[in-house]
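Copied over from Swiss-Prot, here are the features:
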ACT_SITE  Glu108  active site, proton acceptor
ACT_SITE  Cys362  active site, S-methylcysteine intermediate
BINDING   Cys128, Cys132, Cys135  [4Fe-4S] cluster binding site
BINDING   Gly183, Glu184, Ser217, Ser240, Leu241, His242, Asn319  S-adenosyl-L-methionine binding site
DISULFID  Cys121-Cys362  disulfide bond
DOMAIN    114-357  domain 'Radical SAM core'
Amino acid sequence: MSASLPLVFDAPRRGMPPRHLADLSADERRAAVTELGEKPFRARQLAHHYFGRLNADVESMTDIPAGSRAKLGADLLPTLLTPVRNLDTDEGTTRKTLWRAHDGTLLESVLMRYPDRATVCISSQAGCGMACPFCATGQGGLQRNLSTAEIVDQVRSAAAMMRDGEVPGGPGRLSNVVFMGMGEPLANYKRVINAVHRICDPAPEGLGLSQRSVTVSTVGLVPAIRRMTAEDLHVTLAVSLHTPDDELRDTLVPVNNRWKVEEVLQAARGYADHTGRRVSIEYALIRDINDQPWRADLLGKLLHKHLGQFVHVNLIPLNPTPGSKWDASPKPVEREFVRRVREAGVPCTVRDTRGQEIAAACGQLAAEE
């Protein structure tokens, strides 16, 4: 059970897309529009269409003169992501979209509609450099970081799908965004933080979602967690822990060789103290690997010690990936694990796994044509 891939923190610089409206702050948009010889208010018009109306087609923006549309479109609304295909499951309420970026890079996002909410799971990198052996994305390696606008455009597209009733249940609203698709969000720190602002700033400066409805996941990049604490955001922090002991985590989550479990939990506590937000602990339960009763007891003890009331455990039955020798724990083992964690005073629930049939569930995104 050795980690064969190296950890990669710095993505290759190749292939980044042209600049886009969603890469820029409101002031930067005005400056960009002025550089093109247009009046500054055109920036707000473009933002109103893109963020407010979820419209990326500049030719349909008839309140902008035809002569300006081509110029503004080419420079500030280039097509970043083209859908290659949609795969649906759960009677159409789970949709995985494979996207092709301008340089041919492939990435995936997943829209999940529930009775009371709609969540999009988005990618922050094409591939991932964290090399976790039970995750298809990690085993594929890292191609490159996504730009702020490539991240935001996944959310805009999902919001438009919901508004237009493309998912069964009629027209609706996108309510939640989780950075749990391809990539380690905090390894693409600046662009992810900028994307959070675009997602949460009120329209027309952004998409207008509440910060409390956004979750940013990490395998435990301690300096980046501390840096995010200082940003004064109120998004939910999710830590992919997967085991409470350093010996096994060094293999399951290779970044643990750099920052140990206790350091990660201390950084998470700092975030919880600063924001008043509960930290979500993600734990993929793997048969005979990390599902032992003593690990449940240790997990509960450590989380109670470091995070107290500011924690919730999401237990994820392992989703199968091609070529993997591991599978999910049996249900009785899972139930006993939950019972033991709760006995330590730590809330623990089993995640409703969506999209397994179309390789859209946690750890399955491989962006293959």
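Any Cβ shown, glycine's included, is placed from N, Cα and C.
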In three-state DSSP terms, the structure that Cys135 ([4Fe-4S] cluster binding site) belongs to: coil
Leu241 (S-adenosyl-L-methionine binding site) - helix vs strand vs coil (DSSP): coil
Between Cys132 ([4Fe-4S] cluster binding site) and His242 (S-adenosyl-L-methionine binding site): CA-CA distance (Å): 10
Distance [Cα-Cα, Å, rounded] between Ser240 (S-adenosyl-L-methionine binding site) and Cys121 (disulfide bond): 15
Cα proximity to Asn319 (S-adenosyl-L-methionine binding site), best match among recorded positions Glu108, Cys121, Cys128, Cys132, Cys135: Cys135
Separation of alpha carbons, Glu184 (S-adenosyl-L-methionine binding site) and Cys132 ([4Fe-4S] cluster binding site) (Å): 11
Listed binding-site residues Gly183, Glu184, Ser217, filtered to Cα within 10 Å of Cys128 ([4Fe-4S] cluster binding site): Gly183, Glu184
Rounded inter-Cα distance in Å - Gly183 (S-adenosyl-L-methionine binding site), the residue listed as 'active site, proton acceptor': 11
Listed binding-site residues among Cys135, Glu184, Ser217, Leu241 whose Cα sits within 10 Å of Glu108 (active site, proton acceptor): none
Most distant Cα pair in Å, residues Gly183, Glu184, Ser217, Ser240, Leu241, His242, Asn319 binding S-adenosyl-L-methionine: 18
Cα separation, Glu184 (S-adenosyl-L-methionine binding site) to Cys121 (disulfide bond) (Å, whole number): 13
Neighbour-count leader, CB within 10 A, recorded positions: Glu108, Glu184: Glu184
Distance from Cys135 ([4Fe-4S] cluster binding site) back to Ser217 (S-adenosyl-L-methionine binding site), taken between C-alpha atoms, in Å: 15
Cβ neighbours of Cys132 ([4Fe-4S] cluster binding site) where a neighbour is any other Cβ within 10 Å: 23
Protein Cβ atoms within 10 Å of Asn319 (S-adenosyl-L-methionine binding site), excluding its own: 21
